[in-house]
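First the structure, in the form of structure tokens, and then the observations on it.
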Amino acid sequence: MNSLLMITACLALIGTVWAKEGYLVNHSTGCKYECFKLGDNDYCLRECRQQYGKGAGGYCYAFGCWCTHLYEQAVVWPLPKKTCNGK
């Protein structure tokens, strides 16, 4: 019984510690922010922090800016019912 309680508590804690992640999106076009220097990228870090706050992180992944440590309601790519100019 104690082990079941511990497992449940650990799963609840993991759920609250993990933050949302996703591609930075341009709300007017529905497109991801593009980047070309993969990995650590000052441009992506700056754009993610500007849109999502100082606590956000960002780097270039698959030629798009990937933002980390976002709040749960953060809007990331893809936008519902909005395509990236047919791409």
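Positions of Cβ are set from backbone N, Cα and C atoms, glycine also.
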Cysteine from Cys31, Cys35 that Swiss-Prot links to Cys84 by a disulfide bond: Cys31
Cβ neighbours within the same chain of Cys48 (disulfide bond) - under 8 Å, at least six residues apart: Leu24, Ala56, Gly57, Gly58, Cys65, Cys67, Thr68
Using Cα positions only, nearest of the recorded positions to Cys31 (disulfide bond) (Cys44, Cys60, Asn85): Asn85
Tally of DSSP helical, extended and coil residues in the domain 'LCN-type CS-alpha/beta' (20-85): 11 helix, 21 strand, 34 coil
Rounded Cα-Cα span from Cys84 (disulfide bond) to Cys35 (disulfide bond), Å: 16
Alpha-carbon distance [Asn85 (asparagine amide); Cys44 (disulfide bond)] in Å: 22
